[in-house]
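Data block below; observations after.
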Amino acid sequence: MSTPTLPDMVAPSPRVRVKDRCRRMMGDLRLSVIDQCNLRCRYCMPEEHYTWLPRQDLLSVKEISAIVDVFLSVGVSKVRITGGEPLIRPDLPEIVRTLSAKVGEDSGLRDLAITTNGVLLADRVDGLKAAGMKRITVSLDTLQPERFKAISQRNSHDKVIAGIKAVAAAGFTDTKIDTTVMRGANHDELADLIEFARTVNAEVRFIEYMDVGGATHWAWEKVFTKANMLESLEKRYGRIEPLPKHDTAPANRYALPDGTTFGIIASTTEPFCATCDRSRLTADGLWLHCLYAISGINLREPLRAGATHDDLVETVTTGWRRRTDRGAEQRLAQRERGVFLPLSTLKADPHLEMHTRGG
């Protein structure tokens, strides 16, 4: 893949704060670096074969750096690297080194994190730390190997557990474990996952099963709601206290009687659209305002055509100021709510897939 020279991208404009039409500031960028994954989780990408983004369209490290500089100029302070499975990308350490060098008051970047399924993590965690990664989130839906195989359609449970333990051994802090909770699949493991998280210095976040692109088996009866989760955990632990919320993060956090904390992301039954400050960039440079967005703004094409930093700042600023997306709220308001997008539609456009837009 040929990488264009970017001579005009080295002098970022002063930072500005941009509001959309719902008065939501831009603050969080989810940066997908690859659309491929080595699992086939039934709630995300259950099919065995997919149409992948053309490899020549994937942003290079230099292009990623240039586009991130654009977002930092308009108020983004948090960047989370996602996939697909980001650890599959061979030059991920270079991406992390490049972005971690931007963390600091001058750029406005306060947080650099990564979300991974953990399969490759045990072998890569030291490299991530050396490259400057600040925080790691690992997806883990069950502590039972057979259930893991049923959910992910792969036999990699031991590798994920080893990866999570390696994160703790490497000295990372503020580690999160993300669990998608599905009735009949793993809803009876909530307390077990909290107990496991204690042993690896992590906090578990339980996520309601979402009907996003790729969730072609979604149904209301499979959703184990936030209310269901709290009721289940109170039977085990007693009174659970909600913790004050100080930012726009999607999780509501709670404390057990002994002070152990956990989070719940109730995007399906209690959407956080009103305060959502996040957007998504696909691995080939399509900027999406919402997880449910059907279309986006291509930033790769103007960048490769010679657009300057300020040109792209104008594009992003204009796009965000026009933003009205409240996808999860609109889905919740539907009387009859089924699968968001049929498989035929997803196969026609890989950008609609959950695994392409970073979850």
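Backbone N, Cα and C define each Cβ position, glycine as well.
Going by Swiss-Prot, these are the annotated features:
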- 21-241: domain 'Radical SAM core' (DOMAIN)
- Arg30, Arg80, Thr115, Lys176, Arg278, Ser279, Arg280: GTP binding site (BINDING)
- Cys37, Cys41, Cys44: [4Fe-4S] cluster 1 binding site (BINDING)
- Tyr43, Gly84, Ser139, Met210: S-adenosyl-L-methionine binding site (BINDING)
- Cys273, Cys276, Cys290: [4Fe-4S] cluster 2 binding site (BINDING)
Nonlocal residues around Gly84 (S-adenosyl-L-methionine binding site), in sequence order (Cβ under 8 Å, 6 or more apart): Ser32, Val33, Ile34, Asp35, Gln36, Cys37, Ala283, His355, Thr356
CB contacts for Cys44 ([4Fe-4S] cluster 1 binding site) [other CB atoms within 10 A, all chains]: 24
Distance, Arg30 (GTP binding site) to Cys276 ([4Fe-4S] cluster 2 binding site) (CA atoms, angstrom): 12
Inter-residue C-alpha distance, Ser279 (GTP binding site) and Ser139 (S-adenosyl-L-methionine binding site) (nearest angstrom): 20
Candidate with sparsest Cβ neighbourhood (10 Å radius) among Ser139, Ser279, the listed binding-site residues: Ser139
Tyr43 (S-adenosyl-L-methionine binding site) CB neighbourhood, other CB atoms within 10 A: 24
Residue with minimal Cβ packing [other Cβ atoms within 10 Å] among the binding-site residues Cys37, Met210: Cys37
Cα separation, Ser139 (S-adenosyl-L-methionine binding site) to Thr115 (GTP binding site) (Å, whole number): 7
Same-chain residues at least 6 apart in sequence whose Cβ lies under 8 Å from Arg278 (GTP binding site): Gly27, Asp28, Leu29, Arg30
Extra residues within 8 Å (Cβ to Cβ centroid of Cys273, Cys276, Cys290), [4Fe-4S] cluster 2: Arg24, Pro271, Phe272, Arg278, His289, Leu291, Tyr292, Asp325, Arg326, Gly327, Ala328, Glu329
For Cys41 ([4Fe-4S] cluster 1 binding site), the one of Ser139, Lys176, Met210, Cys273, Arg280 that lies nearest, given that the binding-site residues are compared by Cα: Ser139
For Cys290 ([4Fe-4S] cluster 2 binding site), the one of Arg80, Ser139, Lys176 that lies nearest, given that the binding-site residues are compared by Cα: Arg80
Rounded inter-Cα distance in Å - Lys176 (GTP binding site), Tyr43 (S-adenosyl-L-methionine binding site): 20
